[in-house]
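Enquirer: According to TrEMBL, the record shows the following:
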{"type": "DOMAIN", "residues": "161-533", "note": "domain 'Myotubularin phosphatase'"}
{"type": "BINDING", "residues": "ASN309, ILE310, CYS370, SER371, ASP372, GLY373, TRP374, ASP375, ARG376", "note": "substrate binding site"}
{"type": "DOMAIN", "residues": "340-386", "note": "domain 'Tyrosine specific protein phosphatases'"}
{"type": "ACT_SITE", "residues": "CYS370", "note": "active site, phosphocysteine intermediate"}
{"type": "REGION", "residues": "573-606", "note": "region 'Disordered'"}
{"type": "COMPBIAS", "residues": "582-596", "note": "compositional bias 'Low complexity'"}
{"type": "COMPBIAS", "residues": "597-606", "note": "compositional bias 'Polar residues'"}
Amino acid sequence: MASPVSICNSNALDTQISSTSRESLKMELLADVCLLPGEDRIIDKDIIYICPFNGAVKGKVLITNYRLHFKSSDPDVPVTLDVPLGAISRVEKMGGASSRGENSYGLDITCKDVRNLRFALKQEGHSRRDIFELLFRHAFPLSHGQPLFAYVTQEKYEENGWNVYKPIEEFRRQGLPNNKWRITFINKNYELCDTYPTVLAVPYKSKEEDLRRVAAFRSRGRIPVLSWIHRENQAVIVRCSQPLVGMSGKRNKDDERYLDLIREANETIKLTIYDARPNVNAVANKATGGGYEGDEYQNAELIFLDIQNIHVMRESLKKLKDIVYPNVEESHWLSSLESTHWLEHIKLVLSGAIQVADKVSSGNSVVVHCSDGWDRTAQLTSLAMLMLDSHYRTLRGFQVLIEKEWISFGHKFASRIGHGDKNHADQDRSPIFVQFIDCVWQMTKQFPTAFEFNERLLLTMLDQLYSCRFGTFLYNCESARDHHEVRSKTVSLWSLVNSKMDMYLNPFYTPESGRVLYPVASMRHLELWVNYYIRWNPRIRQQQQSPVEQRYKELLALRDEYLKKLEELQLSDSSPSSRLANSSTPNTSSTSSTPSQQYTHLHTPF
């Protein structure tokens, strides 16, 4: 029989072993977290994640200067979270020291990507104070005088994504300048308009003093400038902000003459002005000094597109979030989805862009604006250009479109997303860019062979919109990016994308250069983007890649493998020793053919 001392020692040893194994388990839980260059660990802590799908899950949380990472310690409930801190909109304390009930004390985290996260901690000894303060400081660095992670990361890529878009090169691709349109550098120091790019295309007959007088009559100085020109019929898409008509109905002869120059450039009989707003909103804007083009603009027709403002879109996405996360209520799904009006807004944006594209395709120039010309205007111009110009449907062309119409022309990413800012209730926040990407996704669903890029690119862009890992979507305009040295001190998202291009390519892509795409903008043809809005729900079976697409990729890989082997065989055939061996045998086949000529007849069976 063992002595009490040996039993006691054995128990102590068991306790020590179990304690050691627990510690090693904790280390193992977070050992596989792959940190980015420049990413530093801040704190790790035992915690309970209140998972909406699995209940309370014990595990460990790691917070770095870039992410929040949680991993469950129970192998039977494998739960992992990896959330960039930039995606966090709000951090709140849940319960107090005297709170009763299990797991009622901890943190409540609201994310910008449709998720909510709840963590519970032990109630004794202010156990959440350190993690709350550290999380709050690193999730909202700008509110605490700290740099965004994009300025800290040390990632390196072979290609510099900042070189993707060069304004002069893009204008040349479109056939500019010509005898109707010229390039001006009047805004080189952002003096004409501080939210516009430095390189602008304007009517050839306009003078620099004309542009300054027009700027005085347009909201924020955002004058009508060319975004895109049709190579054949020379019709143009021009973008701007609203005229400052005001309650008294002010007129500006310079502005009226300037729009007439745009009309004359391709001899359009009537210049069509698409005002993205509902009529009633445009009228109401007169009270704040804005307004719209009235009857005094001769040879012009005004069409309102009824797209709601940033506040309506923000509330619509909130309602959508409520019905998709954490649970999807199947029994009332269609009526619940309809009540959010999200797809209705998608329909109106797409419908407006179709009208713009159709008018330009038929040879008529158009002017597009909303209030300030950086939200709905960007949606309409970029979607219309995507329909009209197949170049923008390629992987690199799409990057140019984003850089040009959204980043360069001053969509207020910082205000709409709230990068590094703790003010979650800021009324400037709105999912305008998310809505645009949703519209692009709808188009890719209707035209599965027309786009060189795939859904993964769209998902990556929206994730990096929030992450603050890249400089691409930071700040409100080009002048602010210049001031903060974004191009020299941060990495472009396109550096990442173009270093892994195969991941973002659509295997079904078939180039068709002259084709104009007209998607069907009806509620019957629009779908909720499940792979984006409901991707956090493990009970929703995600179709990230269809079986057909998977099989097609396998066949393409097989074809590439065969072509490589064939090329190797042909190279070995043409080596000196093989030529010597074959010299005595007359070769009746054509030996002068290049490898590519010899195997172009090979096709992948499908």
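Keep in mind that glycine also has a Cβ here, set from the backbone N, Cα and C atoms.
Curation plays no part in TrEMBL annotations; they are all automatic predictions.
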Enquirer: So which other residues, same chain and not among ASN309, ILE310, CYS370, SER371, ASP372, GLY373, TRP374, ASP375, ARG376, have a Cβ within 8 Å of the centroid of the Cβ atoms at the substrate site?
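Expert: Neighbours found: ALA276, THR377.
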Enquirer: Please count the residues of the domain 'Tyrosine specific protein phosphatases' (340-386) that DSSP assigns to helix (H, G, I), strand (E, B) and coil.
Expert: 32 helix, 4 strand, 11 coil
Enquirer: Calculate the per-residue pLDDT averaged over the domain 'Myotubularin phosphatase' (161-533) and state the result as an integer.
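Expert: Averaged over the domain 'Myotubularin phosphatase' (161-533), the predicted model reaches a pLDDT of 96.
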Enquirer: Is it possible to get the count of other C-beta atoms within 10 angstroms of the C-beta of CYS370 (substrate binding site)?
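Expert: Within a 10 Å radius of the Cβ of CYS370 (substrate binding site) lie 28 other Cβ atoms.
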Enquirer: To which of the binding-site residues ASP372, TRP374, ARG376 does the lowest count of other Cβ atoms within 10 Å belong?
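Expert: Result for the binding-site residues ASP372, TRP374, ARG376: minimum number of other Cβ atoms within 10 Å at ASP372.
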Enquirer: List the residues of the same chain that sit at least 6 positions away from ASN309 (substrate binding site) in sequence and have their Cβ under 8 Å from its Cβ, in sequence order, or write 'none'.
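Expert: Same-chain residues close to ASN309 (substrate binding site) (Cβ under 8 Å, separated by 6 or more) are ARG277, ASN281, SER371.
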